[in-house]
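Copied over from TrEMBL, here are the features:
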type	residues	note
DOMAIN	A:4-261	domain 'Heme-copper oxidase subunit III family profile'
TRANSMEM	A:16-34	transmembrane segment
TRANSMEM	A:40-58	transmembrane segment
TRANSMEM	A:79-102	transmembrane segment
TRANSMEM	A:129-147	transmembrane segment
TRANSMEM	A:159-177	transmembrane segment
TRANSMEM	A:197-220	transmembrane segment
TRANSMEM	A:240-260	transmembrane segment
Amino acid sequence: MAHQAHAYHMVDPSPWPLTGAVGALLLTSGLAIWFHFHSITLMTLGLMLLFLTMYQWWRDIIREGTFQGHHTPPVQKGLRYGMILFITSEVFFFLGFFWAFYHSSLAPTPELGGCWPPTGVTTLDPFEVPLLNTAVLLASGVTVTWAHHSLMENNRKQAIQSLTLTILLGLYFTTLQATEYYEAPFTIADGVYGSTFFVATGFHGLHVIIGSSFLAICLLRQIQYHFTSEHHFGFEAAAWYWHFVDVVWLFLYVSIYWWGS
Amino acid sequence: ASKILLRACRVTLMRRQHVLLRTPQRVMSAKGIPTDEEQAAGLERRVLQAMKKGQDPYSILKPKEYTGTRDDPHIVPSINNKRLVGCLCEEDNTAIVWFWLHEGNPQRCPSCGSHYELVHHELPH
């Protein structure tokens, strides 16, 4: 039997990159069709294909790593670099929206009344639901760290409890933010204030949902004994992502909700 | 997804009732999360087991430094009876001197004369 003499993972051929690319194509062109021709068929097809791709691709990675043992220490190191680079790219993504916000708010134009918040905009009180949201996310940062330590100390019951609590806090944030969106006295169409507010907080909310889903997958895997006390990189990646989401919120809160009010 | 979560919980709980005796043996670390020792598989397991014995059959760590003299030749591990060696005769050289190193008597780099010796080793499996 010919074994490799190196510790890296030469991946088997896989159809998921292709299905993902096709799904992305259908999603983007479907968006354009929806905007102009009022049909959601193509977009829905693209979304379904993308979700199927993600499910099967990541399922294959779990099979390769957890069940087949391909994730040796060097391979894990590469995965860590990958996650860090991805989160860095997301940081730059949000940096753009903060740039837009500060561009418009530091030098408000005459059309806005030369002031920020613009004339006629009733901002949300930063010390009401937004402050609660801040507390919720900070608490979830604590619970996810608790989960990590429980994992490393072989404590199954506490790992499951703290991870579940983290996810519940994430869902609580999403629910609170959704009601805030519904009750807000301004909309995305209300000038540059509305645009910067809803695009920045909206993308953040999407990332909270993504992060909560990632943590939920980790919870399922933890229940099914995938993680060991030394090797649980999937969980660490989810925790890093979650902390990133928390930090973005802190910047949003201080810049848009507090200073911008 | 919540259905999967509930089913996983139910199955795990059912398992726990049936296999009260088996679980402690399977997950020796008393509080329920396995260790790599218990659960690592495949190549990862082979790498970890070898590291525990102080070996590095998959060349993960930096190779040991040798002076390259006749009494302290560079030891080149190989799974075959010959291996390609690339000698950087001096630090920062950009021209690498490549040659095949065969098992048997140590050979010398054709450019700088450092000694190299092939040592056979088996991959764990």
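Every residue, even glycine, has its Cβ placed from backbone N, Cα and C.
Keep in mind the model is a prediction, meaning the values are calculated, not measured.
Note on the transmembrane segment (A:129-147): residues 158-159, 162-163, 165-166, 169-170, 172-173, 176-177, 179-180, 215, 235, 239, 242-243, 245-246, 249-250, 253, 257 of its chain, located 6 or more positions outside it, place their CB under 8 angstroms from a CB of the stretch. Long-range contacts of the transmembrane segment (A:240-260) within the same chain, counting only residues at least 6 positions beyond its ends with a Cβ under 8 Å from a Cβ of the stretch, are 83-84, 87, 90-91, 94, 98, 101-102, 105, 116-117, 123-124, 126, 130-131, 133-134, 137-138, 140-141, 144, 166, 170, 196-197, 200-201, 204, 207-208, 210-211, 214-215. Long-range contacts of the transmembrane segment (A:159-177) within the same chain, counting only residues at least 6 positions beyond its ends with a Cβ under 8 Å from a Cβ of the stretch, are 129, 132-133, 136-137, 139-140, 143-144, 146-147, 150-151, 201, 205, 208-209, 211-212, 215-216, 218-219, 222-223, 242.
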